[in-house]
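To keep things clear, I will list the structure first and then write my remarks on it.
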Amino acid sequence: MAAEKKAVFIIFGGSGDLAHRKLYPALYGLYKAGILKEHFAVIGTARRAWSDNYYRGTVVTSLLDIDDDQEKMQAFAKHFFYQSHDVTDSDHYIALKKLASKLDDQFETDQNRIYYMAIAPRFFGTVAEHINSEGLKTSGYNRLVIEKPFGRSYDSACELNGSLTKTFSENEIYRMDHYLGKQMVQQLTRIRLKNKTFEKSLNNKYVSNVQVTLSESLGVEDRGGYYETAGVLRDMIQNHIMQIIGAVAMDEPAKLDSESIHEVKREVFASLKDLTPDEVDKNFVRGQYGEDITGKQKAYRDEDNVDANSDIETFVAGKVEFDSERWGGVPFYVRSGKRMPAKSSRIDIVYNDAAEEIGIRPNTTVTILIEPEDGSYILVNGIDYLESNQDIIKFPEKEDYFDHAREAYESLMIDILDGNQIHFTMWDELQNAWKYVDIIRQKWDSETPDFPNYESNTMGPDAASELLEKDGNSWVWAD
Ligand SMILES: NC(=O)c1ccc[n+]([C@@H]2O[C@H](COP(=O)([O-])OP(=O)(O)OC[C@H]3O[C@@H](n4cnc5c(N)ncnc54)[C@H](OP(=O)(O)O)[C@@H]3O)[C@@H](O)[C@H]2O)c1
């Protein structure tokens, strides 16, 4: 049985969508596992005037999809308190401080605090600064959790980081990237360390190319307003895709701890091959979905809250390269888009003929499925590795790497309570990712694209396939 953790959570944006869809179910998962038990409290804050009881009712409602044990859900909800709070009003932090201190005493939480920003990004700096100026930090631990987007560009990310670090040190900041909470991404490093042939194979001697795809079948649905300010490059490539590439490309860490992993990740992001504006057109493709073939599914430009002439991209494919001894010359093809034929998150590692010298058969591709398959798994040449008779690359038995198939937010919440930053993004990694992506953004912002350029329910614009064909390669997942 896991040890009980003690903390007061202060959730800024406690009445919002993220809190109800992800955070409360994740905290409930921890409650059911006994990780949260007696010594925790949650303060939800937002401007609207809710009572504790009303708030608790919304918390229980958010759990109905995952449980029907009313007694347990009600007992869990008793740990929740609501504070009407405008994040721009200093006086409200004084009331918040009082409530948090009272709950520290009542629930004996050792004055541990987790501040969770489930609120619009423009408020992140304001909240952090008020936590400092109104003296909310305690003698227990104080951890700040911050959701994406972390800035809109390199400069704005630096500015945001500057405002957070006036109050919180780097080891108190947990930058969420929920892909780093997914089982298969988390297990990748462990699988690499356990499987020597696999680890030995990950370099430019044996790998022809690596492909990372995060595709969605849905369009923007009701999030057109948000999407108009983001686009796939900021929403998926700068954070999730870059972090997944980092997990594949990093060197073997000395140990499986946060410091060792971030040390090798830092190096890999620092070795991203410089991209010039002229290379953007050669190495990156952007797209925006039109209607589907039947005309039943709307084009992006016809979605609610989307400009009728919008230039926002809903698809990106690109070739990322590293200037390193290990990976020099190996293209990492990345791709993410909406309205593609299926939802899929996968990594495909394509081997070359030289890999035969370490026992990997010709034409081998190792595919790591991150989602949506339940629990995810590894394919060798498209077949579940357990049945593939692939006798050289041996992965650990499934039970070894899926001890607890937890939902991403649940697993990341445990890391936060443990003070473990292993699966969070550190500032230096983020900085280098932003520098890289900014070159693409600036080039694209200076030109008008010919949109829409792919039909809904297709694999994106033709140029995405041509990008690989130019190198004599092709997408492994090609529908
Ligand atoms: N939803 C997701 O799946 C998701 C996924 C990844 C990242 N995120 C990020 O998570 C954050 C929250 O997103 P969301 O979808 O949950 O948004 P949301 O549903 O609009 O919730 C925003 C929350 O902020 C509160 N709020 C707004 N202005 C406030 C103010 N001046 N003072 C205090 N509270 C204020 C709102 O309540 P009141 O109006 O009552 O004040 C509400 O509780 C954003 O940064 C978003 O980018 C969300």
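Glycine is treated like the rest: Cβ placed from N, Cα and C.
Annotated substrate binding in TrEMBL involves His178, Lys182, Asp235, Lys338, Lys343 plus, out of the candidates Glu159, Glu199, Glu216, the residue Glu216.
Here Val87 (NADP(+) binding site) is positioned 34 angstrom away from Lys338 (substrate binding site), judged by their C-alpha atoms. Across the domain 'Glucose-6-phosphate dehydrogenase C-terminal' (191-475), the model assigns an average pLDDT of 91.
Taking each of the recorded positions Arg47, His240 in turn and counting other Cβ atoms within 10 Å of its Cβ gives the largest count for His240. In this record, NADP(+) is bound by Arg47, Asp86, Val87, Lys148; the longest C-alpha to C-alpha distance in that set is 22 Å. In the three-state DSSP classification, Asp235 (substrate binding site) falls within a helix.
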